[in-house]
Structures are given as structure tokens and as C-alpha cells.
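Report on the following structure.
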Amino acid sequence: MPLYIGLMSGTSLDGIDAALVRCGEGRPEWLGATGLPFSAALHDDLLALCLAREVSFAELARLETAFCERQAEAVNRLLLETGTPREAITAIGSHGQTIEHAPNATPAHTYQLDNPSLLAELTGCAVVGDLRRRDLAAGGQAAPLAPAFHAALFTASEAYRLVLNLGGIANLTRLPPSGQAAPVVGFDTGPANMLMDAWSQRHLGHPYDADGAWAASGRVDDALLARLLDDDYFSRLPPKSTGREHFHLDWLTSRLSGHESPCDVQATLAELTAASIAMGVTQCSAGVSTAYDALIPCGGGAHNADLLTRIQRHLPEIPLTPCERFGWSPDWLEAGAFAWLAHQRVAGLPGNLPDVTGARGPRVLGGLYAG
């Protein structure tokens, strides 16, 4: 079966994830992966770009080039570490770096910093890029796209199953048993690591709260939690998607009284993530007549013991099942999704699920740039 590489840089802005995946008949097979962090300067520049309302074309081109060069480095490292010849790669699926996602604006738009033409030149491989905007053009949210991949990878024969991606934003996928007419449901439940990381950076100087230890040392501020959960996004029914343009530090600080201790705020942010995920499970469970047999956490938050404990406390009836049980690492699942989406594009097959994104129908996603 053909080999693909998926490249992902999420809202955490911590670097490039690259996954080598065999795609074709049957379940996608993970063969290897590597991560390449951004330099502190590139991280800060990308964050500033995400928050900027104005930027020069020259600055945009500089950052796009630096980003693509880092992606090419990740591809080269992955090929070297896995012993894979370059000519064995059918295509690279490149997500790019989201700098704004506004599917409900007029006009709707989503922008990912990327240059598939340059990436093809730098790697010598075909590249599939611009994977979100066709769904948006068809009236969809352009996100999340991973649920179609989750369905190919995790669908069970007899039970409903949940996949939970804990990146900067939390994405939930509900998978019906194979052969059932029920649709796959997927959407963003709200912030996962994004606000916790930003708060940790501000008060501890650390890029993230390792294992959730700082959050575990604090107490949940119930009044603050209620103010946070009062945001309309949480009660909105899917399809829906969100990002840094909605959930950012200013959003948080505007809801603080000024008397909260930093560690209590961190605990409350962790509880916000867990509570909004539980709300999401309720929102997607209408019509589910059988128990879920698994909740599969993936992404960086899958290593946050405190966060997983909070999620399990909210959803005691659903067993948390490690991603590794299905032959995948939780760290590389999202990059793997973009390898699979590249396969779908090369094969001329749809990559979106209209029931997930709200698009008018299934669409072949992305453009193909020859190597």
C-alpha cells in the first residue's frame, strides 16, 4: 500500500509533527513519526501573526518561508529516522499553521500559513495542501476534518465509540458501529490546552503545565467556572468549530474578578476543559441507544494526568482507552489524519463528512502540487 506523510502544526504553536502512514485498503497503519519544535523566535512570531490584525506582505512571506523550511526539515528527519526512500512517498499532506479560522463570519474564511509549492520544491515530494477551504466553500465549517480519519481507524463493529483530541482546542468525534445508518458526529467542544498553556506561560514561564501538576495544586473557583461556561459557544449545537480567535487570554482575563490566585485559575481552566467535553458528549449522544465502549484520548492533553482524571470524573460510565491499544501513539494521530487526507485527495475520494462540518455534501479536499 502507498506511503504518505502527514504534517501538522496545531494551535499550541509548539512545532511540526510529522507522521509516516501506510494508506489504502483497510485501516491506516502508523509506521513512524517525529517532532521538530519551533525556535522560540519562530513561535513568538507565529503567535504574533495569529493575534495581529494587520501584517505586511513582506512579513507574511518571511514567516511562510521559515515555516515551510521547518516543515521540510521535519520531512527529511522522518525519512532518515524511518529509513524510507524519498521516492517511496506518494504525497505529503500539509495542514499549515492556522492563523485565523472564522467560518461564521461574512464572508466565511479560514487561513492557514503554508506554501505547498515551496514545500514540494524543498522536499522533492508531491504535496497536498489547502485542505480546509473546499469544505468552507461548500457551506461547511472546514473543521474538524479528523473525524473522517477517526472513522477509518477506530470504528467498532458493535459499539458506539468516542475519540477525543486534546490539542490547543478539544475536538470530539462520535463513531457509530459499522453498518449502522447513524452519522459520524464531530465538533470542537472548546479550549483544551490552549488557555492552560498560556496561563502557565504567563505565571510560571513554562510552555505548559507538565502532567497538570499546577492545576492539581489549586482549587476550582466555581463562580469563575460559571462565568467561563456562560460563553454562548458551549451551549451551541454542532456543527461548530472554534480556535484562538475566540478563546484567548483576553477572553479569560475579561472574566476574572482580579482576586483569584493563579493556581486556582489553572485548576478552573482544567475543569472548564473537562466540563465542556462532558457537555459535548451530551450534545452528541441524542439517539445513542447503547453504551459507549471507549473514550480514546489523543493529542498532548492525553499525557495530562490531572485533566484525564477530571474528564473521567465527569464521564464515569465511559472507559478511557489508550490510543496505543489500537496501534497508534496519541501524539501523532492528528498528523496521521493529514497523511490520510492526502491519500483521499490522490485517490479522488472525499475527505470531509458533511454531517460533521455542515457542508452541502462530500467533497474532495485540497490541491495537489507535483514533486
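Residue 1 is the first one shown; counting continues down the chain.
In case you wondered, yes, glycine gets a Cβ from its N, Cα and C as well.
What Swiss-Prot records for this protein:
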{"type": "BINDING", "residues": "Gly10, Thr11, Ser12, Leu13, Asp14, Gly15, Ile16, Asp17", "note": "ATP binding site"}
Remaining residues near the recorded ATP site, that is with C-beta within 8 Å of the centroid of the site residues Gly10, Thr11, Ser12, Leu13, Asp14, Gly15, Ile16, Asp17: Met8, Ser9, Phe38, Gly167, Gly168
Assigned conformation of Gly10 (ATP binding site) - DSSP reduced to three states: coil
Residue with minimal Cβ packing [other Cβ atoms within 10 Å] among the binding-site residues Asp14, Asp17: Asp14
Per-residue Cβ crowding (10 Å cut-off), top of binding-site residues Gly10, Gly15: Gly10
DSSP state at Ile16 (ATP binding site), helix/strand/coil: strand
Cβ-based isolation winner (fewest other Cβ atoms within 10 Å) among the binding-site residues Leu13, Ile16: Leu13
All-chain count of other Cβ atoms within 10 Å of Ser12 (ATP binding site): 21
Cβ neighbour count (within 10 Å, all chains shown) around Thr11 (ATP binding site): 21
